[in-house]
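Engineer: The annotation active site, electrophile is assigned in TrEMBL to His93. The annotation active site, proton acceptor is assigned in TrEMBL to Glu163. The substrate binding site annotation in TrEMBL covers Asn8, Trp9, Lys10, Gly169, Ser207, Gly228, Gly229.
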Amino acid sequence: MSALIIGNWKSNGSKETNKLWFTDFFKHIKDDAESFSAICPPYVYLNQIIDLCSKSNIKIGAQDIDFSQGARTGSISAKACKDLGCNFSIIGHSERREFFKEDNFDIRKKLICAQENDLKIVMCIGEPIEIYDSGSTKEFLKKQLIDSIDGLNLFNDFIIAYEPIWAIGSGKLPSSEEINAIHFYIKDIVQSASKNNFTPKIIYGGSVSSKNAEDLFKEDHIDGALIGGASLDGKEFANIANIYVNRGH
């Protein structure tokens with residue numbers, strides 16, 4: 001999946017503000033940055049968003065999928081997301097883990113379901129502040145990864161988003177060097193755990209903005225970004241994508 005600058009709108013947006021967002025985005029995005037950009041709007045706006053960007057190279061994703069279909073009131077199946085025109089889905093976002101009590105094995109079932117329905121995957125992992133402060137980040141991430149992907153075949157349609165929970169929406173983030181080292185560690189674990197020794201792209205999520213994007217993207221193992229609050233501004237999101245394509249490696 002070429003889209004590595006991904007905007008997660010969460011439960012934000014309206015028909016009117018969505019139109020204004022794309023006006024600002026298309027005004028400021030560079031042609032070579034557009035194909036690296038993706039948006040995950042709320043489900044109810046998927047049709048509108050797909051229509052608004054139908055003549056562009058922007059990819060559209062779901063914010064989550066269920067691991068089944070049928071008698072699952074309020075859930076959205078992978079099959080339905082694919083049918084609507086989604087290219088990929090976020091799976092395992094920290095807010096799903098926290099508020100909906102999804103565990104690593106729920107995430108694994110969703111990964112398998114996405115693969116079965118030909119949906120590309122952005123799988124989120126990340127540690128809470130108490131794990132970070134105790135120096136146990138690597139052990140925590142390794143368990144998330146092993147429980148979720150051990151023995152699975154992974155391909156180029158599989159991306160991992162590292163999002164330290166304590167950095168999301170806080171304005172705080174680890175140093176770019178620290179993030180880069182964690183990304184290198186994640187790649188090593190995934191290569192060992194996956195059935196086909198796959199090395200994924202790793203993108204970073206957690207208070208990413210145009211102010212810190214250049215420092216992040218200069219690192220060898222930070223392959224992109226999962227962007228929350230800053231993605232709600234079309235100009236700001238375009239600026240981050242533009243910085244990404246000019247990163248120099």
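The backbone N, Cα and C atoms fix where each Cβ goes, and this holds for glycine too.
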Engineer: In DSSP terms, helix, strand or coil for Gly229 (substrate binding site)?
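Structural biologist: Once the DSSP labels are grouped into three classes, Gly229 (substrate binding site) ends up as helix.
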Engineer: Report, in whole Å, the straight Cα-to-Cα distance of His93 (active site, electrophile) from Gly169 (substrate binding site).
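Structural biologist: Spelling it out, the Cα of Gly169 (substrate binding site) and the Cα of His93 (active site, electrophile) are 14 Å apart.
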Engineer: Out of these binding-site residues, Asn8, Ser207, which one has the fewest other C-beta atoms within 10 Å of its own C-beta?
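Structural biologist: It is Ser207 that, of the binding-site residues Asn8, Ser207, has the fewest other Cβ atoms within 10 Å.
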Engineer: Given the binding-site residues Asn8, Trp9, Lys10, Gly228, Gly229, tell me which ones have a C-alpha lying within 10 Å of the C-alpha of Glu163 (active site, proton acceptor).
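Structural biologist: Checking each Cα against Glu163 (active site, proton acceptor), there are no hits.
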Engineer: Counting every protein chain present, what is the number of Cβ atoms, excluding its own, within 10 Å of the Cβ of Trp9 (substrate binding site)?
Structural biologist: 20
Engineer: Return the residues near His93 (active site, electrophile) by Cβ distance under 8 Å, restricted to its own chain and a separation of at least 6 in sequence.
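Structural biologist: Asn8, Gln63, Asp64, Cys124, Glu163 - these are the non-local Cβ neighbours of His93 (active site, electrophile), listed in sequence order.
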